[in-house]
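*Asks:* Here it is, the structure, as structure tokens.
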Amino acid sequence: MNSRPLALLLSVAAAAADRSSSRPLLLVRGGASSSYPGAGYVPPQRSYPGGGYVPVQQQPQQQQPAGTMSDAERVYVAQQFAMPAVRRQFLARVYSTVLVQVLLLAAIMAALRGAPAVAYRLMPSAPAFLLLATAPALAIQFAPRLAETAPYGHLLLAAFTALTGVGIGAATMPLPADLLVRAAAATAAAVGGLATYAVTTKRDFTARRGMLFAGLLSLLALGLVQALFGGPIVATARAYLGALVFSGYLVYDTQLIAGGGKRFQLRPTQHVLGALMVFNDVINLFLTILQAMARADRD
């Protein structure tokens, strides 16, 4: 069994899921507005004995660094997610959207397996489909107003899911169907356990994104080494490290969605962005588990 297409697919998928340490999309925007007068405001003039007046001096506003949220924003989001009903509704909305994405991806993969001639013709272009999928993903991340406006956000999410489904479906054609089912079942069990842990633990994983990003860089480095030199040891290490890294990212992103006083969190209107992040984590976790199982069956 040739695992090169799967290894190449995993490299592209990991690169598409790359999160830089700055990660502006995870920082809360909006939610609380300042009541301070605008730029055209004229300060009142106070009269003094002896004639004349002295204008009241305005205190200079402290500018928030780019990519951070103000105290007012933090308080607003914390208050929103302090309400159990809001947290449950937001989590349910995100994970129900992810479920629809997974079902769409599974349907596309099944359709390609039902037409093997088409799938094998598309197999060399699998990485290209995954790269094309980054276009709607970037639009969701860096055009938040568009992503939060119906129906554009869901259309972008559907385009991303469809392109990803074609890429993964074509690349996994050489693998047996029972292996895909076993990997999917293991992924579903892992996602359920990790999501439950993320919302019940008191540990704040949103403050550990630097460690997760370092793990992702290590994973990409191992992928480069495998592509250049090959070797079963590197491939096995890469598969298990990938499962660990993307498990951590799933906990991280779930806490971003759940909020609850975490250092970083999404606001309640960003369900499309939350679904994109969780879906990426689920798919990358599935691919690493699939690669590990394929190597174990071959050995």
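Along the chain as shown, the residues are counted starting at 1.
Cβ coordinates are placed from backbone N, Cα and C, and glycine is handled just like the others.
Note: TrEMBL annotation is automatic and uncurated.
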*Asks:* Taking 37-54, 235-252 as the choices, which stretch does TrEMBL tie to transmembrane segment?
*Replies:* 235-252
*Asks:* Before we move on, state whether the transmembrane segment (211-229) and the transmembrane segment (235-252) share at least 3 Cβ pairs under 8 Å, counting only pairs 6 or more apart in sequence.
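*Replies:* These two stretches do touch.
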*Asks:* Cβ pairs under 8 Å only, please: of the recorded stretches 155-173, 179-199, 235-252, 272-294, which one is richest in them relative to the transmembrane segment (90-112)?
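*Replies:* By the under-8 Å Cβ criterion, the transmembrane segment (90-112) pairs most with 155-173.
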*Asks:* With Cβ distances under 8 Å as the criterion, find the stretch in 155-173, 235-252, 272-294 that has the most pairs with the transmembrane segment (179-199).
*Replies:* 272-294
